[in-house]
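These notes are about the structure you will find just below.
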Amino acid sequence: MAAAKAGASAPEAAGSAEAPLQYSLLLQHLVGDKRQPRLLEPGSLGGIPSPAKSEEQKMIERAMESCAFKAVLACVGGFVLGGAFGVFTAGIDTNVGFDPKDPYRTPTAREVLKDMGQRGMSYAKNFAIVGAMFSCTECLVESYRGKSDWKNSVISGCITGGAIGFRAGVKAGAIGCGGFAAFSAAIDYYLR
């Protein structure tokens, strides 16, 4: 009985001591630790060579990578998104067009649309300011640090949240700094 067990376990032991499977070796060389850096340019093997960039292309790239362009882009995007969000929240709010002097009167379409427009514009301005502040500070922090990682968004989130919160006092500024930094870290973790 013991010999049968020893005989049955010998092939299993020999199988585990064998070399790893071929596809495991192939995977290690393609995507694993043994991967080699690419030595040849794609154009040298018959690929489509890319022409050198002209001065105009370089100038446009520099302009689009500048902090000012990123801040303007975030400002416009925040304005559009904030306006849409404001109109949406006004649309589902039951108090839009409500007159406290006459609570039983049904508001007219003009009053409802006026309130929706006011709320949309208010949200649009706030989102635009926050987007521009965050984008500009993140770009400046990234330029100063010389790195593009998650710490940039956390630092710029703290600066932006603190600047917004300091209007209400030091305690609100500290809470705004921590809250916006945590939110930025969570978003950056989720997106990367």
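Glycine residues also receive a Cβ, built from the backbone N, Cα and C atoms like all the rest.
A disulfide bond in Swiss-Prot ties Cys158 to one cysteine from Cys139, Cys177, and that cysteine is Cys177. Fewest Cβ neighbours within 10 Å among the disulfide-bonded residues Cys67, Cys139, Cys158, Cys177: that distinction goes to Cys67. Residues 134, 150, 153-162 of the same chain sit 6 or more residues outside the transmembrane segment (168-188) yet have a Cβ under 8 Å from a Cβ within it. Cα spacing between Cys177 (disulfide bond) and Cys139 (disulfide bond): 18 Å, rounded to the nearest whole number.
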